[in-house]
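Enquirer: Dumping the structure here so I can ask a few things about it.
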Amino acid sequence: MLRQRPQLLLLAGLLALQSVLSQECTNYKVSTCRDCIESGPGCAWCQKLNFTGQGEPDSIRCDTRAELLSKGCPADDIMEPKSLAETRDSQAGSRKQLSPQEVTLYLRPGQAVAFNVTFRRAKGYPIDLYYLMDLSYSMVDDLVNVKKLGGDLLRALNGITESGRIGFGSFVDKTVLPFVNTHPEKLRNPCPNKEKECQPPFAFRHVLKLTDNSKQFETEVGKQLISGNLDAPEGGLDAMMQVAACPEEIGWRNVTRLLVFATDDGFHFAGDGKLGAILTPNDGRCHLEDNLYKSSNEFDYPSVGQLAHKLAESNIQPIFAVTKKMVKTYEKLTEIIPKSAVGELSEDSRNVVELIKNAYNKLSSRVFLDHSTLPDTLKVTYDSFCSNGKSQVDQPRGDCDGVQINVPITFQVKVTATECIQQQSFTIRALGFTDTVTVRVLPQCECQCRDASRDGSICGGRGSMECGVCRCDAGYIGKNCECQTQGRSSQELEGSCRKDNSSIICSGLGDCICGQCVCHTSDVPNKKIYGQFCECDNVNCERYDGQVCGGEKRGLCFCGTCRCDEQYEGSACQCLKSTQGCLNLDGVECSGRGRCRCNVCQCDPGYQPPLCSECPGCPVPCAGFAPCTECLKFDKGPFAKNCSAACGQTKLLSSPVPGRKCKERDSEGCWMTYTLVQRDGRDRYDVHVDDMLECVKGPNIAAIVGGTVGGVVLVGILLLVIWKALTHLSDLREYHRFEKEKLKSQWNNDNPLFKSATTTVMNPKFAES
């Protein structure tokens, strides 16, 4: 009972969720029962005749069941199809581990349907085990022990199942650089010790088809020789792909399939083939010829994801038997490949039988429930209720660990369609097992109404009644098929009910009857919809104090605009009509530079409230008023002859007043200083002018010329005097130097250039004697 409690809680949660969803229904643009069913899981359709009133749309028929009942629709007339699930149990005596085998679902859009799938782990289920071994030179000791494993492997399988078979295959790597040495001698014997007999390298060789003959296993494996390659990673993924893609060649039965992958190193994967100029992606197909993968140099290595998909598709559970240094690497690989296990292999593979037994027990005690590829319109989730008391809900796949023999576990599968789907099917299976559940999916979008007939009295003899709504014959339209199209298409008639091509018919608020909009009656009290295209109403206007247009005493709403009473104004009739707060001292509204709205000045750009009297940022028109200032004050200038006409708007003030100071030249070049005072209105100024003009006298030409000439002459004379003084000082300095040299001179009678013609030579021997 305790184990069933999570299931009961989940079912209660689902019912509560559906109850919440059933309280909502979006019925916009709904005209048929099918449209209603598609619009939401909480919608229902009332097929009662004459359920809609005058001017009401057919979408009124679509609502939640509670709302339809409250509107007077009898419960028998409410169409509310539900999602359903029908299951067919397996035949008695069948060894199927999954039940049921077939499920038929009728899916309504947005409404989930749930059904249970039970898995019961069978005892002694048949097993096929394929031993795939790395024959690179580093595995030479392992091969010796594997050659003796045939009997031990079969005995181990027979301890688990009544029917076990074993097979064998081997791999090295692609036979191109840089994976193997392509020197002809090295291709014949790739082993480092030339005296040792080795076989040429190869990608994958299928040695023995799955069999229950242990002697044959030992015989065929005993013929195998070690090989070799260059780099550390091996081509194991290539070999695994061929084992999964060639079921007939390998001899797989429709039973539990185990693939033991034995190696002491890593693996190449997609993209590594480019190192050997192999660019074509792996196609995931079988390419065995004479039990050899001869196309390995044409296709790149498979990706891990590609291999995982192929293994799952073929129901193959890999067991990675690897040495201690590679355990962590292959544990990462098992995180990507579902239903796989890793075991630590001894250096000489002595423990491989025990490793396989432990890995099988680990794999068979965990169950993953998954489904085949689905379209985007279908969503499948799983709730797992495991035998160990643990549960998971709303997961992308079912998952239970610690599964025991003959102890059932339950998965609740929930399927939801996002729209009305086409009839289709998919399969659910436990990964690594051959049993499947076939799920057939059909749409649940039609209403089984009772009134489908051609009763002439209902639709005027021009149509049939379907779910309470008339479906008119060709040439007639209208709620009761009362309108004859007279050769016009329905598109043409609908076009006259659209404001423009981008708008919807009758603004979505009316029905197009004979090319004219008949507006709906609104559910909102006192709301009236009107207009040629039903585009207007009497409530969608601005509100003041919580009421449309401030209430009926202030104004009424007409098609989005408030029409105010004579005493009120404003976009929402929020203001009394008054200008008292907008008048300046002279009684001018907003100083003539703005408009009074709601008793507040709305000033022209630049002018400041409250009365629009100042404009700090506006330029002062000093230059523009200079001619009028000159003629008004001094009776001269360009406007002297018609000053009163040209400057009639400008008043000359006799006393100084505060305003904008100006200083401009008059027509004679004199400076005028005056003050502009702005009056009410725009560009209207009074002016006060200072009495005195600032006139600058002309320059003295003679003084300027005389001074210039005199200055040039004086500069020339000064330069000559300086030059003369400098030359005199230089001559004086040279004269004094000459005098000093003269005093130092000593004269005699000898000619310093004369040399005597007589030469005297002394004999050194003569001196000694």
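A Cβ is built for glycine as well, from the same backbone N, Cα and C atoms used for every other residue.
Just lifted these from Swiss-Prot, have a look:
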- 1-22: signal peptide (SIGNAL)
- Q23: pyrrolidone carboxylic acid (MOD_RES)
- 23-700: topological domain 'Extracellular' (TOPO_DOM)
- 124-363: domain 'VWFA' (DOMAIN)
- C420-C445: disulfide bond (DISULFID)
- 449-482: domain 'I-EGF 1' (DOMAIN)
- C483-C514: disulfide bond (DISULFID)
- C497-C512: disulfide bond (DISULFID)
- C506-C517: disulfide bond (DISULFID)
- C519-C534: disulfide bond (DISULFID)
- C536-C559: disulfide bond (DISULFID)
- C549-C562: disulfide bond (DISULFID)
- C564-C573: disulfide bond (DISULFID)
- 575-613: domain 'I-EGF 4' (DOMAIN)
- C615-C618: disulfide bond (DISULFID)
- C622-C662: disulfide bond (DISULFID)
- C631-C643: disulfide bond (DISULFID)
- C670-C695: disulfide bond (DISULFID)
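Provide an account of the burial state, proximal residues and distances for the features listed.
Expert: A mean pLDDT of 86 is what the model gives for the topological domain 'Extracellular' (23-700).
Other Cβ atoms within 10 Å of the Cβ of C445 (disulfide bond), summed over all protein chains shown, number 19.
Note: the domain 'I-EGF 1' (449-482) comprises 0 helix, 11 strand, 23 coil (DSSP; helix = H, G, I, strand = E, B).
The number of other Cβ atoms within 10 Å of the Cβ belonging to C483 (disulfide bond), over all protein chains shown, comes to 20.
A strand conformation is recorded for C512 (disulfide bond) in the three-state DSSP classification.
Other C-beta atoms found within 10 angstroms of the C-beta of C517 (disulfide bond) number 24, with every protein chain shown included.
In this structure, C534 (disulfide bond) belongs to neither helix nor strand by DSSP; it is coil.
Within the same chain, residues at least six positions away from C559 (disulfide bond) with a Cβ under 8 Å of its Cβ are G531, E535, C536, D537.
Around C549 (disulfide bond), the same-chain residues six or more apart in sequence whose CB sits under 8 Å from its CB are C541, E542, R543, G555, L556, C557, C562, R563, C564, A572, C573, listed in sequence order.
Just so you know, the Cβ of C564 (disulfide bond) picks up 20 other Cβ atoms within 10 Å once every protein chain is counted.
With a cut-off of 8 Å between Cβ atoms, the residues of this chain six or more beyond the domain 'I-EGF 4' (575-613) that come close are 566-569, 680-682, 684.
In the three-state DSSP scheme, C618 (disulfide bond) is classed as coil. With a cut-off of 8 Å between CB atoms and residues at least 6 apart in sequence, the same chain places G606, Y607 near C618 (disulfide bond), listed in sequence order.
The secondary structure of C662 (disulfide bond), as reduced to three states from DSSP, is extended strand. A sphere of 10 angstroms centred on the C-beta of C662 (disulfide bond) encloses 19 other C-beta atoms.
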Enquirer: Name the residue among the disulfide-bonded residues C615, C670 whose Cβ has the smallest number of other Cβ atoms within 10 Å.
Expert: C670
Enquirer: Would you find the one among the disulfide-bonded residues C536, C573, C695 whose Cβ has the most company, meaning other Cβ atoms within 10 Å?
Expert: C573
Enquirer: Cβ under 8 Å, sequence separation of at least 6 from the ends of the domain 'I-EGF 1' (449-482): give me the contacting residues as numbers and ranges.
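Expert: Contacts of the domain 'I-EGF 1' (449-482) (Cβ under 8 Å, skipping residues fewer than 6 from its ends): 31-33, 45-49, 51, 58, 61, 77, 79, 490, 493, 511, 513-514.
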Enquirer: For each of C506, C514, C622, C643, count the other CB atoms within 10 A of its CB; which of these disulfide-bonded residues has the top count?
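Expert: Of the disulfide-bonded residues C506, C514, C622, C643, the most buried by Cβ count within 10 Å is C506.
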Enquirer: Can you tell me how far the Cα of C512 (disulfide bond) sits from the Cα of C506 (disulfide bond), in Å?
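Expert: Between the Cα atoms of C512 (disulfide bond) and C506 (disulfide bond), the distance comes to 7 Å.
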Enquirer: Using C534 (disulfide bond) as the reference point, find which of the disulfide-bonded residues C420, C483, C631 has the shortest Cα-to-Cα distance to it.
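Expert: Checking each of C420, C483, C631 against C534 (disulfide bond), the shortest Cα distance is to C483.
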Enquirer: Relative to the Cα of C497 (disulfide bond), which of the disulfide-bonded residues C662, C670, C695 has the closest Cα?
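Expert: Out of the listed candidates, the nearest Cα belongs to C662.
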Enquirer: Tell me which of the disulfide-bonded residues C420, C445, C615 ends up closest to C622 (disulfide bond) in space, Cα to Cα.
Expert: C615
Enquirer: So which disulfide-bonded residues are near C662 (disulfide bond), with CA atoms within 10 Å, out of C420, C514, C517, C615, C643?
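Expert: Cα filter at 10 Å returns nothing.
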